[in-house]
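Below: the structure, in structure tokens.
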């Protein structure tokens, strides 16, 4: 009888430990302090995603290179610092007339020029086309774990700013097939066509296999 009790308690501890590990694994940290990004990410992800998403504003250096290289290095460093499953996001806005610039450096161009200045950058070019790109990079947080990339792209054109100026370069990007800029669109519409939507959908599918 005593032996059965000991064995029973042992397995209770084992199962409890395994359940705790599974519960811990069901949390992924989104590395951002941008409330708009977080809100949009969660709206697109939806309530049925099997993992809990939390966010941490991690101060990461601005890497240089191609968008995929930047995303990979940033995710590796975030995982190394937080030592848990993480996802990072890198957004690029690529002007075809400028050979893909500003690309992954759009954050700094936007900070200096604003949406109106981005539009003026193409004033001397007939080609106003651009591609909005979002790369989500995921790491399990384990040492030497592979970084998985999920890339979403939406083609469009750069226009004079229209709509609320409260979310990055949304006022000056008009996606192909629409007469509204991102900023003018209802969130429900934007969140079914945007570059971020396409990347998040790929991210979701990876965890629903």
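Note: Cβ is positioned from N, Cα and C throughout, glycine not excepted.
Cβ environment of residue 168 (ITP binding site): 36, 91, 110 lie under 8 Å away, each six or more residues apart in the same chain. According to TrEMBL, the ITP binding site annotation covers 32-37, 74, 90-91, 167-170, 190, 195-196.
As annotated by TrEMBL, Mg(2+) binding site applies to 62, 90. In this view, residue 90 (Mg(2+) binding site) is surrounded by 23 other Cβ atoms within 10 Å of its Cβ, with every protein chain counted.
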Exercise. Look at the binding-site residues 32, 34, 36, 91 and tell me which residue has the greatest number of other C-beta atoms within 10 angstroms of its C-beta.
Key: 91
Quiz item: Between residue 62 (Mg(2+) binding site) and residue 32 (ITP binding site), what is the CA-CA distance rounded to a whole number of Å?
Solution: 14
Quiz item: Out of 62, 170, which has the highest number of nearby Cβ atoms, where nearby means within 10 Å of its Cβ, if these are the binding-site residues?
Solution: 170
